[in-house]
Amino acid sequence: MSFYRGTASHPWHDLHPGNDAPNFVSCVIEIPRGSKVKYELDKDTGLCFVDRILYSSVVYPHNYGFVPKTLCEDGDPLDVLVLMQEPVVPMCFLRAKPIGVMQMLDQGERDDKLIAVHADDPEYKGFTDISQLPPHRLAEIKRFFEDYKKNEHKEVVVDDFLGAEEAKKVVKDSLNMYQEHYVPRKLRNVYE
């Protein structure tokens, strides 16, 4: 993290992705579980802004945010849905364990979602792979993402859920893409 006198820290660029990434990752939560408010990171300022209120009656089924110092094909940090018992406030950060990835297309563009469990939540920390979740939980997540933009006349297609090993590969790839895009060559870390 950078704490310069008079300079705010940027949650995407200044927070560490986790000492044990990709097995455990730091996550910044933008949207709490149960919210209809679509908060989003303003990439220029690092502040959280209200992007929109969801047009339908659905609410976010779990805490939703991103992994710091990651970059995906859509130009955003890696999205993460963190399963845990309680909602948390926007822009807090926590430690989570990736257990899967949901492959998704948002208006024809790849927009995969990392699925993780809070590392210290007694109800969820024992899960190591998405296949261990009850089928209803996966159906709930899939239905939310298929429906949450329908009333805006935007198409979202959920392709498939993949397990923990694929999730860790997605984390490594997004960490490396961030390094290639934002970090000078001689200062880069390579995640293998």
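Just so it is clear, glycine is given a Cβ too, placed from its N, Cα and C backbone atoms.
Since we're looking at a predicted model, the values are computed, not measured.
Here is what Swiss-Prot records for this protein:
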- LYS38, ARG52, TYR64, TYR148: substrate binding site (BINDING)
- ASP74, ASP79, ASP111: Mg(2+) 1 binding site (BINDING)
- ASP79: Mg(2+) 2 binding site (BINDING)
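Structural mapping of features recorded in Swiss-Prot.
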residue	record	DSSP class
LYS38	substrate binding site	strand
ARG52	substrate binding site	strand
TYR64	substrate binding site	strand
ASP74	Mg(2+) 1 binding site	coil
ASP79	Mg(2+) 1 binding site	strand
ASP111	Mg(2+) 1 binding site	coil
TYR148	substrate binding site	coil
Quiz question: given the binding-site residues ASP74, ASP79, ASP111, which has the greatest number of C-beta atoms lying within 10 angstroms of its own C-beta?
ASP79
If you draw a 10 Å sphere around the Cβ of ARG52 (substrate binding site), how many other Cβ atoms fall inside it, taking every protein chain shown into account?
12
Between the Cα atoms of ASP111 (Mg(2+) 1 binding site) and TYR64 (substrate binding site), what distance do you get, rounded to the nearest Å?
14
Rounded inter-Cα distance in Å - TYR148 (substrate binding site), ASP79 (Mg(2+) 1 binding site)
16
List every residue in the same chain as TYR64 (substrate binding site), at least 6 positions away in sequence, whose Cβ is under 8 Å from its Cβ.
ILE29, GLU30, ILE31, ASP79, VAL80, LEU81, VAL82
